[in-house]
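Asker: Got a structure here, written out as structure tokens. Questions coming.
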Amino acid sequence: MTDKEENVISEESLNTETKKVTNKRSRDEEMDEVEEDGGNVKKTSFPQITIEDTADEQIRKVTIPFNRIAPLKANWQQIYEPIVTHLKLQIRMNTKTRKVEIKTSKSTKETSSLQKAADFVHAFSLGFDVNDAVAILRLDDLYIDSFDVEDVKILKGDNLSRAIGRVAGKDGKTKFTIENVTKTRIVLADKRIHILGSYSNIRVAKDAICDLIIGSPPGKVYAKLRTVASRISERF
């Protein structure tokens, strides 16, 4: 190594060390300013993001199962009307890819509209009625919780069928009772169970369904639901 190369390396090392020292001094000065203000750190406030701020168009694609394509076509007018008129979004159905495509437009105002529309279409694809799923567009605290029967208890063959039958009840009586008491909507799709409602109501409905899957008699579950219903009525 020559003397010139050694001088260049030493100059670079000195520059890096001076940069480190200056950065450390600036940090120490900032800490001193915070201590002088009494330890009160000023919080940065960011303005609310609007659609105009995001120049690119956003899009959501929701896959539709084979068994829900015919109901989607039959209820298409009820699905696209609230999305187009109220949320000011663009929507189309792609039958080749079995996907509903939702896109923002120039007249879209709220940034959350696209996600609400996607959740609405997704709820319909899971098996919920249009009139029930449209509540997602109107209310903010509605969620969908999905789980398998085998997540609660591993069952096979006839035992699995009997567990699903206990949740449904005769002519759907048990399912309707749970829905009316907890103010939720339930879809039984083979081994998969979907619950639509608020967080607290979903928890009550899920507890009742889990009790039925484990093997509790419906009468015992009804009694527990009556006490929960009385508490809910007293609260509101």
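Placed from the backbone N, Cα and C atoms, the Cβ positions cover glycine too.
Under the heading region 'Disordered', TrEMBL lists 1-41. Taken from TrEMBL, the feature compositional bias 'Basic and acidic residues' applies to 17-28. The feature compositional bias 'Acidic residues' is assigned by TrEMBL to 29-38. Among the features that TrEMBL reports, domain 'K Homology' is placed at 146-214.
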Asker: Over the domain 'K Homology' (146-214), work out the mean pLDDT and round it to an integer.
Answerer: 90
Asker: For the domain 'K Homology' (146-214), jot down how many residues DSSP puts in helix, in strand and in coil.
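Answerer: Tallying H, G and I as helix, E and B as strand, the rest coil: 44 helix, 14 strand, 11 coil.
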